[in-house]
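These come from Swiss-Prot:
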BINDING   30-37, 147-150, Val176, 184-187  ATP binding site
ACT_SITE  His37  active site, proton donor
BINDING   Gln61  beta-alanine binding site
BINDING   Gln61, Gln153  (R)-pantoate binding site
Amino acid sequence: MIVCTTISDLQAQLRIEREQKRSVGFVPTMGYLHEGHLSLVKRAKEEHDTVVMSIFVNPLQFGAGEDLDTYPRDFARDEQLAEAEGVDILFYPSTDEMYPRPASVRLKVTQGVDVLCGASRPGHFDGVVTVVLKLFHLVEPDAAYFGLKDAQQVAVITNMVEDLNVGVQIVPCATVREVDGLAKSSRNVRLSEKERKEAPGLYQSLLAGREALDAGEKDAAVIRERIRQSLEERLTGRIDYVEVLSYPRLQKIERIEETVILAVAYQFENARLIDNLIVPYGE
């Protein structure tokens, strides 16, 4: 595995890959890798000759008072995991390397950001698409792989690629879970022992909503309330949101007559976790 810490080194290595006509799959991450990230690498390796992973904690997507400074980081650990999984090129830039001067251009997302995480994190997805587009320009991959645990991010990035005619295929990949159903997340390490025992209740509550939907309930408000009640019964932290939205348009709906996303965000003492289920219409 080749580790590149500068843009020039990355681009020099990628020129070699292109000269050899090798296809490139890209897995962008913020590090502190877990099985969810590694499952993206596995998928990329199945479909491409070369796999590039980036590890960069992007300051543009963190707002005031958010967890930029405390976001878990362990590059030595991440490097070992990436190499063991078969990553070919690991791009690990500093903030100064990615943003050597104050930005004169920043993308602004105008659709699908006033709900879910975007509602309480103004500017978050502007920062996400800005860094993702920059990484796409640097890596020029054939395809990029994203986990559906953050389905809103997948939708926003997909829309950005379509709107700007970016020549990168977006490959959404299923959420990877612990055996008890908790979605794999870098923030899980910040849960207390008690919170870790409660946390699978996020997924269980989503399943309760899915069960009501499967039983024939089409009123989105009823589904939301069923999920909320389940969360209140199972967990002792604070509900950030419970939503039932169209997907991938992320529009509020009253009746469920299309593919929807059931989504929750929950605030524990030192970690905010999100989870979701996408329910295709007719299933």
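Each residue, glycine too, has its Cβ placed from N, Cα and C.
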> Across all chains shown, how many C-beta atoms besides its own are within 10 angstroms of the C-beta of Met30 (ATP binding site)?
Replying inline: 17
> Including all protein chains shown, what's the count of other C-beta atoms within 10 A of the C-beta of Val176 (ATP binding site)?
Replying inline: 18
>> According to DSSP, does Gln153 ((R)-pantoate binding site) sit in a helix, a strand, or coil?
In response: helix
>> Just to verify a number: CA distance, Leu148 (ATP binding site) to His37 (active site, proton donor), in angstrom, no decimals.
In response: 11
> Counting only residues 6+ apart in the same chain, whose Cβ is under 8 Å from the Cβ of the residue listed as 'active site, proton donor'?
Replying inline: Val27, Thr29, Met53, Gly147
>> To the nearest Å, how far is the Cα of Met30 (ATP binding site) from the Cα of Gln61 (beta-alanine binding site)?
In response: 11
> Given Leu33 (ATP binding site) and Gln61 (beta-alanine binding site), what distance in Å do their CA atoms have, once rounded to a whole number?
Replying inline: 19
> What is the separation, in Å, between the Cα atoms of Ser186 (ATP binding site) and Gln61 (beta-alanine binding site)?
Replying inline: 16
> What is the nearest of the binding-site residues Gly36, Gln61, Val176 to Gln153 ((R)-pantoate binding site), using the Cα of each?
Replying inline: Gln61
> Cα of Gln61 (beta-alanine binding site) to Cα of Val176 (ATP binding site): how many Å, rounded?
Replying inline: 23
> So what sits near Gly36 (ATP binding site) in its own chain, CB-to-CB under 8 Å and at least six residues off in sequence?
Replying inline: Gly147, Lys149, Thr175, Val176, Ala183, Lys184, Ser185
